[in-house]
Amino acid sequence: MKIKTRFAPSPTGYLHVGGARTALYSWLFARNHGGEFVLRIEDTDLERSTPEAIEAIMDGMNWLNLQWDEGPYFQTKRFDRYNNVIDEMLEAGTAYKCYCSKERLEALREEQMAKGEKPRYDGRCRHSHEHHADDEPCVVRFANPQQGSVIFDDQIRGPIEFSNQELDDLIIRRTDGSPTYNFCVVVDDWDMAITHVIRGEDHINNTPRQINILKALNAPVPVYAHVSMINGDDGKKLSKRHGAVSVMQYRDDGYLPEALLNYLVRLGWSHGDQEIFTREEMIEFFSLGAVSKSASAFNTDKLLWLNHHYINTLPAEYVATHLQWHIEQENIDTRNGPQLAELVKLLGERCKTLKEMAQSCRYFYEEFAEFDADAAKKHLRPVARQPLEMVRDKLAAISDWTAENVHHAIQATADELEVGMGKVGMPLRVAVTGAGQSPALDVTVHAIGKSRSVDRINKALAFIAEREGQAS
């Protein structure tokens with residue numbers, strides 16, 4: 001049997017982290033078994049589904065590189081198929097037309113609730129032999145079995161049982177002729193030969209209804225696995241107050257897809273004590289039996305730690321391809337300065353996100369308008385003039401412009417002045433970067449370049465002279 005899984009989001013918003021984890025688990029399970037992964041867009045909610053949401057889902061899947069083997073399928077393009085199956089069920093007696101008015105159903109609901117009963121349809125039209133005109137409005141209901149129970153072996157939670165007496169005669173076609181969500185899902189899983197349905201625990205109550213419809217159609221019943229919810233680190237349902245919840249927001253915030261995938265796979269699944277997983281290791285080790293029944297807590301600090309790890313361990317050339325987008329968002333012209341892969345090596349230790357990296361690299365490529373006020377006040381003082389003049393001349397004299405030779409020039413200046421490296425290094429750092437913090441000074445100056453570094457030191461010396469003039 002070929003394993004076939006699916007990810008079936010509703011395009012009513014962005015791809016959130018809970019949906020992304022479900023997609024990841026479904027994708028990993030299929031890949032682990034040499035199977036296929038299907039993308040299906042469940043867009044039957046015509047009022048809330050939008051093209052923008054569909055695009056956001058596709059963007060998120062592509063950014064995470066969760067490539068599908070089939071699809072994307074759209075339920076709105078399959079309405080004829082659903083209605084044909086409903087018509088066949090009406091003929092077979094496994095579905096029936098219901099003419100009950102909204103007023104009757106509401107009165108029935110209020111009566112049942114007043115008695116402390118669970119609101120459910122009473123089956124009036126199921127047994128009715130009244131004649132109705134062909135154009136009289138009606139819905140179509142599934143004739144759910146009235147005896148026995150539905151038992152399925154959830155691959156995460158174990159056996160789950162529902163009494164058929166607790167299940168309603170589900171509406172499968174509305175008065176406007178449109179099929180309902182639960183019915184479309186059943187026909188899709190049947191037609192697409194889905195063998196394993198991996199989805200959120202909020203779908204558990206749908207499962208017995210869908211199983212009963214599948215059995216009425218004499219269709220194979222897939223294996224089900226329901227994944228627990230993701231909470232914030234405070235134990236409450238994950239929401240925007242806990243940070244980003246959209247996959248593409250994490251892209252915008254400077255996270256690598258490898259970091260988010262690694263974090264999501266560990267939200268409810270484990271393989272021993274291992275924390276870092278390559279994509280290949282995820283595929284090799286993943287199993288539903290190792291997925292926890294308990295809710296997971298989203299910890300942004302842990303995700304940030306993983307992102308920092310991947311920035312520094314993935315090939316710099318690859319990280320640079322993701323950094324490029326953030327550089328463009330900051331409108332930085334990188335034609336005059338280090339290659340982005342070199343920038344990743346320079347700033348990787350200091351920056352935990354690519355957004356932070358893009359926002360802190362401008363001085364490598366463009367001139368800064370002014371020095372940081374606090375850094376200049378502390379380090380661009382008259383006492384710094386001599387160290388800056390000496391190190392400027394030594395840098396200008398370097399014929400082989402390497403980080404090592406830059407280091408020698410700084411060290412030689414400190415040695416000749418008989419001062420610590422900080423007495424030379426800190427004024428130099430402020431002079432060439434405009435601020436008081438940067439990566440190691442030798443590699444920073446080397447990356448900025450000789451001509452630009454010398455020009456900036458001269459600018460700093462002019463700043464010191466102007467400051468002296470104002471003081472006098």
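Every residue gets a Cβ built from N, Cα and C, even glycine.
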Swiss-Prot annotation (motif ''HIGH' region') - matching range among 9-19, 152-162, 273-283: 9-19
Per Swiss-Prot record, range annotated motif ''KMSKS' region' [choices 67-71, 237-241, 327-331, 467-471]: 237-241
Other parts of the chain folded back onto the motif ''HIGH' region' (9-19), taken as Cβ under 8 Å at six or more residues beyond its ends: 41-43, 45, 48-50, 53-54, 56-57, 59-61, 200, 229-230, 238, 245-250, 260, 264, 298
Remaining residues near the recorded Zn(2+) site, that is with C-beta within 8 Å of the centroid of the site residues CYS98, CYS100, CYS125, HIS127: TYR96, LYS97, TYR99, TYR121, GLY123, ARG124, ARG126, SER128, ARG141
